[in-house]
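Here is what TrEMBL records for this protein:
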type	residues	note
DOMAIN	98-323	domain 'G-protein coupled receptors family 3 profile'
TRANSMEM	98-124	transmembrane segment
TRANSMEM	136-156	transmembrane segment
TRANSMEM	168-189	transmembrane segment
TRANSMEM	262-283	transmembrane segment
TRANSMEM	295-317	transmembrane segment
Amino acid sequence: MKKWSMALSEGCKIDEMQWGKGVREVPSSVCSLPCKPGERKKMVKGMPCCWHCELCDGYQYQADEVTCLLCSYNERPNENRTGCRSIPIVKLEWHSPWAVIPVFLAMLGIIATIFVMATFIRYNDTPIVRASGRELSYVLLTGIFLCYIITFLMIAKPNVAVCSFRRIFLGLGMCISYAALLTKTNRIYRIFEQGKKSVTAPRLISPTSQLAITSSLISVQLLGVFIWFAVDPPNIIIDYDEQKTMNPDQARGVLKCDITDLQIICSLGYSILLMVTCTVYAIKTRGVPENFNEAKPIGFTMYTTCIVWLAFIPIFFGTAQSAEKTLKRAIQLAHYRDVRNI
């Protein structure tokens, strides 16, 4: 067999040659084609001049002809995967359905709370308002009002000031509400327990004493918040893991306050302890005479509140992407019942 040479090709009419399937065009005689942008060369074993083209997938980009590298944590590959670009930063917007519905519910709650407070102020000296423990009722309404205000802080654009107010009011409103309810139920319980033993009135049942007890319970929450400020000052972060999808084009960084789920639970933990204690007293005072009509509505409020929070905890930890949304719903549902039963 003769080897091909230019001498042999002089007598050949290449343009008249027929190739496979009647094709007259000279087929390309290369083992590999150039790779497209965003593809790297993967060399074929045993054939050093040949390669396969392999796409740089996921969050990788083409660094050179044979290498794909991973973009940094806050970047994603560009359209042709020849470099990286910044991941867009988002936050919960006011026009989002996840914000519009809580804001609407919060506004209804605020209006209802103001209406009840105005009614109490108007009839402040009537026997019914006096019998309800008007001092603690005002404290309770203040706590409920703060719980609805937290909705707006959770939606506002995070900055150091907003994050600071979130830390303060997140557990404070609930603490004020449950501290007032606990003081009320404890007073009723002590009055009837003392009545079984003697005709002497128990200590610390005057309005001033009740306010002092409530204030001392609230001060524990404030002390915890101030310690939190000292140990871990408020700050904002961009969370790139929360919405980092398989498709880089859909990846987003979430602007949020630097508050972990554990810190939220710790902030609410004291309020939950007050709630549970209040529920225990509500159960103990369920058999009081009808003229002490506060006991049963408070009991109903605490039973339903416990159900809301028992549902909230697994949902909160099971849906990390909507933790703040779940928290807002739980706080609002719990305190709609408080307003209704005042």
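Here the Cβ of each residue, glycine as well, is placed from N, Cα and C on the backbone.
Proximity of distant same-chain residues to the transmembrane segment (168-189), defined by a Cβ-Cβ separation under 8 Å and at least 6 residues beyond the stretch ends, is recorded for 133, 136-137, 139-140, 142-150, 153, 205, 210, 213-214, 217-218, 221-222, 224-225, 264, 267-268, 270-271, 274-275, 277-278, 281-282, 284-285, 288, 292, 294-295, 298, 301-302, 331, 334-335, 338. Model confidence over the domain 'G-protein coupled receptors family 3 profile' (98-323) is summarised by a mean pLDDT of 82.
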